[in-house]
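*Asks:* Here it is, the structure in full.
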């Protein structure tokens, strides 16, 4: 009996949570970002790379253009919509891999630093300080100059920009957890440190990591876009969104659509990711919900 | 308090030192430093002299010490892209333009964000609050380079009020400064709002009201002064963000500051200037963080008396 009522209560809670799902951001994320990232080849009406000089500088629909080139074409006659759709894959993969690097490095170092304390803790915290004191843009400039801009260099920059936040947050939580009873008990039971860290402590900080990672998606996308806008991101001809904006930069007076729509894609994606992150934080962190 | 400041200065210098190592390794990552640091048409004598001067025939750590010794004196070699220019001198000559833009951007952020955040907190739940929240969400999601382009499109091309790019008059600085400030405004307004909400609930605010202090004075003097510490913590991040913003926005508006130099130097593979610009940026950043620390002490007696 008791079991059932508990189940019903949690089902109700789940339903309440699902009902508060922010639908608009999810729909925007899916249509602008995630579905195109995986299915651009099937959705995109035109080839994003092949120039078509007969269709140069077509304006978008509603501004004298046709439905064939819904968002217009660039100076080489390439369809803007198709380029945005194809670009989303690179934006998605570079930011997700970059965040993953940041999460893995930051969480591992934070876990060990908080659990082991001692000199390792001191070292990690110094590194966190330095990393937070170095704007990611400087590293991006340095890497671009040294090894040239590439997919890898952008991933490194994004990972570098984010790892310290994870390390600091995870360490702070581990410091509290390591004093708790369940850790002491598994120590008594003879569990190895590695088992305690990854089997007992890690699951307890997962919530934090998930929330932090979601909130970083917007930052990662923005960083990637800024880098490719400056020409120190993934190099041409890859149609990353920042590069698409930069393509139309000098023609804003006459052919505004070349820059406008890719920027709008960035705006919508980052905004939805931020809203989703805020929602997730409210769901997973009861303190936030009350405030 | 002195100990606190000493620790901050120490950690800044440490970070700066790490940056010099990164910047030094830059030239070695890309292959032969001679290729990186000398023009392609350098003569045999020039190359030999260069190797001797910078100790390139010595072990790596000695090379680093030579580099560090020169760097401390501001000597990063001569520019490759702009022949004859001293790398650091060239960067420093561009610094005022960047600082000017950053200064105006900070001013705009403060003037807009503080009242907005305070109003949102005081009239919590009202249309003012909702509007401010929407604005904050939008502000944190707009790519600043795109905003810059859209601003040019609307105010320069369409309305014809302001120049599209370049420098010279105050009017030239308005659009780039707004483009840089936009993100900070939303972040600052959000922080100010939440800090004010917390403070407005405090006992001493109730006491001030009971005493009969005017509402204006309660909000702007008693509450804001206590709430201001929180937005101030953000100022360190603000400096980094404005610095990053300047690289992007100076490129959009062809504003001839350090950010513009950085991008041009990378395009021209001008290593001495890239090194100089990175170190210069880092120094500005460290100094602004130290200023924030000092402001803390000035505004919060709890730290002052610690």
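The backbone N, Cα and C atoms fix where each Cβ goes, glycine too.
Since we're looking at a predicted model, the values are computed, not measured.
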*Asks:* In TrEMBL, which of the ranges A:136-166, A:167-197 has the transmembrane segment annotation?
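*Replies:* My reading of TrEMBL: the transmembrane segment range is A:136-166.
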*Asks:* From A:61-88, A:89-116, which range did TrEMBL mark with transmembrane segment?
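*Replies:* Based on what TrEMBL states, transmembrane segment spans A:89-116.
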*Asks:* State the non-local partners of the transmembrane segment (A:20-44) in its own chain: residues 6+ outside its ends, Cβ under 8 Å from one of its Cβ atoms.
*Replies:* 79, 81-82, 84-86, 88-89, 91-93, 265, 268-269, 271-273, 275-276, 279, 283
